[in-house]
Amino acid sequence: MKFVDEATILVVAGDGGNGCVSFRREKYIPRGGPDGGDGGDGGDVWLEADENLNTLIDYRFEKSFRAERGQNGQSRDCTGKRGKDVSVKVPVGTRVIDGGTGETMGDMTLHGQRLMVAKGGWHGLGNTRFKSSVNRTPRQKTMGTPGEKRDLQLELMLLADVGMLGLPNAGKSTFIRSVSAAKPKVADYPFTTLVPSLGVVRMDNEKSFVVADIPGLIEGAAEGAGLGIRFLKHLERCRVLLHLIDIAPIDESDPVENARIIIGELEKYSEKLAEKPRWLVFNKVDLMSQEEAEARAKEIATAMGWEDKYYLISAVNREGVNALCWDVMDFIIANPKVSEVVPVAPEKVEFMWDDYHQQQLDAAEAEEDEDWDDDWDEDDDEGVEIIYQK
């Protein structure tokens, strides 16, 4: 299935049903009073995270989702039926952004998590609501309000524990093939990996972690060179990054400069991502003797100013891979998910019509106050007011 990590959709909530103007008319009850019911609220649009989905490809074709309109009010104080909600399923890890304002509405990081993205319109009020001691036969009603309409940008960010970094042909896909059941394409030319892939590394029956492979970065990726940096967002939720360095590049390029290119692109993309724990891993040590590989790795690490531990592996032969995976597993256990990247807190989303009903009732009361005995003033005598005398 094609991997799609970005999509734009339109969500439209249902309109509210209109209020009803009606009066009770039954045998022997000539003046039964108002009995017009309220309309029904419009349906809402919700997003729901589903762990069974792993791509946004469905929303490249189906781009519009509309909730049901509320039913109008009816006589005999019958309230209209509420419109049905619409639930749109998205993969776990989807970030929801309002296309109109640019605000982040929420992060869908848990299976079953729900987020309201468009609120249905308020129901209109029937004339029963407007009766009072001075207005026994109100002919007022209010119309239902329109439902909200939003353009949403959906961005899928893979939920992985470990992220792979490196230039094209550094051996990232080969590493994932050797430690998991994932089978990304591997070949001896750059940009074999065109889309991110995930692999589950199982250390034993109870311990495992997820590793993410993204397309390789090249110099100028922040400006759009190569495949650009659009896939770096998939590393934002990783707890540790494995920086793979080809210890013997086939093009005879300088591994130190190659490593600095990756670090520079990380810093250009996000300071937060650049500060994540990053482990140095030298790959393809099978192309030289062990002594030569150790000397070469030490030389590169010293030139980079790297003082932490580094690893020497051969992803093809699985040399040194098991020890690296166990160290990663221990790090993940020591840094549980609660300390992982905190999901982006949704900004306060203003929904329309929040005070609509109270405003309508206040307006009706003000109108009644203005109409009631509008020829009276403080100088009037108490008692019966003479309007006409022959």
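Cβ atoms are placed via backbone N, Cα and C, with glycine included.
TrEMBL lists 1-159 with the feature domain 'Obg'.
The domain 'OBG-type G' annotation in TrEMBL covers 160-333.
Counting only same-chain residues at least 6 apart in sequence, those with a Cβ under 8 Å from the Cβ of SER314 (GTP binding site) are ASN283, LYS284, VAL285, ASP286, GLY320, VAL321. Taken from TrEMBL, the feature GTP binding site applies to 166-173, 191-195, 213-216, 283-286, 314-316.
Annotation source TrEMBL lists Mg(2+) binding site at SER173, THR193. Neighbour density for SER173 (Mg(2+) binding site): within 10 A of its CB lie 24 other CB atoms from the protein chains shown. DSSP assigns SER173 (Mg(2+) binding site) to a helix.
Residues or ranges marked as region 'Disordered' in TrEMBL: 362-381.
Look at TrEMBL and you will find 364-381 tagged as compositional bias 'Acidic residues'.
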Number of Cβ atoms other than its own within 10 Å, given for ASN169 (GTP binding site): 22
Fewest Cβ neighbours within 10 Å, where candidates are the binding-site residues LYS172, LYS284: LYS284
Rounded Cα separation (Å) that holds between SER173 (Mg(2+) binding site) and PRO215 (GTP binding site): 9
